Structure formats: C-alpha cells, structure tokens
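Structure first, then comments.
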Amino acid sequence: MLYSLITQLIDQYSFLNVFKYLTFRTGLSMFTSMFVVLLIGTPFIKFFSARKILNPIRDDGPTEHIVKKIGTPTMGGVLILLGLFSGILLWGDLSNYHIWFLLFIVSGFGLLGAYDDYKKIKFKNSSGVSFKFKIISQILIAIVGIYGLTQLSQNTELTNLYFPFFKNLIINLGWFFIPFSIFIIVGSSNAVNLTDGLDGLATVPVILVAACFAFISYVTGNIVFSEYLNIPYLEGMGEVSVFCGSIIGACLGFLWFNAPPAKIFMGDTGSLALGGSLGAIGIITKHEIVLAITGGLFVLEAVSVIIQVFSFKLTGKRIFRMAPIHHHFEKKGWAESTVVIRFWIISIILAMIGLATLKLR
C-alpha cells in the first residue's frame, strides 16, 4: 500500500530508491509488525481480561497449568495477525500474487482458529470445534488457496519436488502436487497448533523458521544467488521475504507478552494461522523438505501425538506419559521453563541444519 505510493515518487525523489531493496522492506515490515503488536498489546490484554476471554485449561494436564495458567487471556493470535497485516500491507508489493496467496491462507486459518477459540471460551472447555470439522475446514481452505495459486502461477517449477543434499534429484509431482500441498499446509498448521502448549514454546520456533525462509525466499528470487546455490530460480519469490519479516516482527512483539509467565496465549487463532502460512511458504519456495527440517520441532510434536493415539488404540498402552511430547517431559518433572528453553535449542539447531542444506548439494 505505502510501497505502491512510494514507487510512484521514486523518479522525483532519488532517496526513495532504498525502498526498492527487499532487505530494507523486509526490515521495515518486521519492525512495523513488532511495533504494532507492542503498541496495542497491553490494552488488548486488558480488554480481553475484562471480558473474560480466557484460556480453558485441560483437566488432564499438568497440575501446575491448572494452578498458574487459569485466568490467562487467549486469542492473542488476533494481535499477531494485526501486526502481520500491518507490516505486509504497508511494505509488501501487493501486485505479487504470492503475497495474496499467503494472505488468503493466513486469513482463512486465522478465522477458523478464532471460531475454535470462540467455542472453547463460550463452553468453557478445551475441546472447541470437532476434529472432523477442523480438518475438513482446513482442507477446504487449502484447496481454494492451492487452486488459486495454480491459476495465477507462471512458475514452471511449481509442481516439482526438490530434495536437499541431492542437486539433481527432482520429482515432478504432476496432479499429485495438489493433495501434497494440502497435506503440507494442513499438517504444518496442526503441528504448530500442537506445539503451542507452553509459554513461548511455539513462538520462537516460528520466528526461527520464518527467518530461515526469509533468507530462502530472498536467494530463490535472486537469479545470481539461486544459480550459485544450485536451487531453482523463482521470479518474484523474493517478495515472500517481506511477508516472512512480518511474521518475525509480529511474533517478536507477541513474545514480549507471551514470555513466561505468559500474559496472553496466541490460541488457535494464532497457531493455526502461523502454521498454515509456514506450510504455504514452504510450498511456493519449493523447499517443502527443508521446511520439515527447520520446523522439525513441530514435526516431533505432531508425530508424538500420532504415536500416542495409535499405540493406545492398538495396544491400550500409552508410549508417553502425556502427548504432545512437551507435556511428557513436564510429567517427568521438568520445569516448564526447562522444557521451553531446551526445545528452543533443538529448534535453533534444526534451523541451522535446514539452512546448511542450501549449500550441501
């Protein structure tokens, strides 16, 4: 929006040329998003607290959660999305269809998450919408988004699947690209949602993955860097780095209030939207497998739930004391802050491994 206005004035004011640089606008989007969240965060929390928009706590969860977390406002994802939209709408190139695809995904999943949070708050339990309703809704949103992407995209690489470490291993998915993409978006959304169970646990890994993909989208959209790294050159993909900057800034601002002890939780409004957007970014940058590496913590959390469910249904026994796996370690006696920081460390290591795959081919 503001960027579009500035581009019309560049010929008259040469100092505005700096806005042509993606790195500059990525920084602006990050700081704008962070500033917006920090600015409205405190009144937002007070408003939600006054209206009893509070987070329901699982009855079977760790006792400490029932004691310490009850009465904490939820739906902080609204804060994150307001910050994210502020950054990208001001500093993003809105003529780039990748941006509109990502905005559709983050909005669709954010609205679904908000409805889920509303149900939890209204009925004062942690169940929310049914699993069937949530999955079907996520799939439908992803289908519409992917269909729009395939109609708008001029990228011949869109249906290709690239493998890190193997520079010549490329599989054209053909029609299977659509269900594959749906799986990535829905899976990523739910994985982040499952991870969001402790103060700050999901926020920092989301920041790390978004930072990795800010770099990946930048080099993928640069013909010189992409050729040097032997990764596919995708025209216009650099603009996605501005979107990633907005995610980073919004989450950094939110972390100010979500750091232990959390003053607000992002709820499904935030976790479903952020997870869905990361999945969508992985798809359009053609780094889906790298997404699974950098976001390995989210994968671990999701897999722990799948293992727990299947084990109990098949044998009647649970592998973990509680799933997702972060609750397992709490049940073993780890302090919440210990679990969070150690999981952050794991996420940092995975992010570095993911970035290393760009060169190790």
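Each residue, glycine too, has its Cβ placed from N, Cα and C.
Now, the feature entries from Swiss-Prot:
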type: TRANSMEM; residues: 28-48; note: transmembrane segment
type: TRANSMEM; residues: 70-90; note: transmembrane segment
type: TRANSMEM; residues: 94-114; note: transmembrane segment
type: TRANSMEM; residues: 129-149; note: transmembrane segment
type: TRANSMEM; residues: 169-189; note: transmembrane segment
type: TRANSMEM; residues: 205-225; note: transmembrane segment
type: TRANSMEM; residues: 237-257; note: transmembrane segment
type: TRANSMEM; residues: 264-284; note: transmembrane segment
type: TRANSMEM; residues: 289-309; note: transmembrane segment
type: TRANSMEM; residues: 338-358; note: transmembrane segment
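The stretch in 70-90, 205-225, 264-284 that contributes the largest number of Cβ pairs under 8 Å to the transmembrane segment (129-149) is 264-284. It is 289-309 that, among the stretches 70-90, 94-114, 205-225, 264-284, 289-309, forms the most Cβ pairs under 8 Å with the transmembrane segment (338-358). Looking at 70-90, 237-257, 289-309, the range that has the most CB pairs within less than 8 A of the transmembrane segment (205-225) turns out to be 237-257. Scored by C-beta pairs under 8 angstroms, the transmembrane segment (70-90) has its highest count with 264-284, from the stretches 28-48, 237-257, 264-284, 289-309. The listed stretches are 28-48, 264-284, 289-309; of these, 264-284 has the most Cβ pairs under 8 Å to the transmembrane segment (94-114). Listed as Cβ neighbours of the transmembrane segment (264-284) (distance under 8 Å, sequence separation of 6 or more from its ends, same chain) are residues 41, 44-45, 48, 55, 72-81, 98, 101-102, 105-110, 112-114, 116-117, 120, 128, 138, 141-142, 145-146, 149, 158, 181, 184-193, 195-196, 202-203, 206, 209-210, 213, 217, 234, 237, 240, 243-244, 247, 251, 254, 257-258, 290-291, 295, 298.
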